[in-house]
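J.: Pulled these from Swiss-Prot:
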- Cys24-Cys121: disulfide bond (DISULFID)
- Cys52-Cys161: disulfide bond (DISULFID)
- Thr129: O-linked glycosylation site (CARBOHYD)
- 1-23: signal peptide (SIGNAL)
Amino acid sequence: MALTFALLVALLVLSCKSSCSVGCDLPQTHSLGSRRTLMLLAQMRRISLFSCLKDRHDFGFPQEEFGNQFQKAETIPVLHEMIQQIFNLFSTKDSSAAWDETLLDKFYTELYQQLNDLEACVIQGVGVTETPLMKEDSILAVRKYFQRITLYLKEKKYSPCAWEVVRAEIMRSFSLSTNLQESLRSKE
């Protein structure tokens, strides 16, 4: 989907804002954006989830990857991967046909800002205490989770109910990651 000129300008401004900021204060700056993203996901609902009960599916969210990662340095790459995968999922042409374009553009902007915030922290190397293998295993688990979601959408031929089930699943997983971010902030 071609992004509108206004969205491109917004992305450029957000990119400059995050690259010009000093320090990595992720839990404070990132949590509000996560809440806005959740609100946008809720607003994107087009049909009742109750009408799609037959399409429910357990995607196997890798909750242990988020439940066991209590240090910021261990969590940031996993959160980054999750948000990148959400961005990729909702950036497809099949996705743009399923959602209101204005809400989708706002959603992209929020995700893009969060990706920039996380990338700034990764670049700064916020404490490299985890083993690379643990981080890679966690990132791989997130990628497999999103592969299952993508496969489900293909099998359901990107139906409105399939997208609604996926939207609800993304809200649930995003909410869990937001709770993790808030617990990180409270530990600082």
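Cβ coordinates come from backbone N, Cα and C, glycine included.
Structural setting of the listed features?
T.: The DSSP secondary structure for Cys121 (disulfide bond) is helix. Here the Cβ of Cys121 (disulfide bond) has 23 other Cβ atoms within 10 Å, regardless of which shown protein chain they belong to.
Counting only residues at least six positions away in the same chain, the Cβ atoms of Ile47, Ser51, Cys52, Lys54, Asp55 sit under 8 Å from the Cβ of Cys161 (disulfide bond). Secondary structure from DSSP puts Cys161 (disulfide bond) in a helix.
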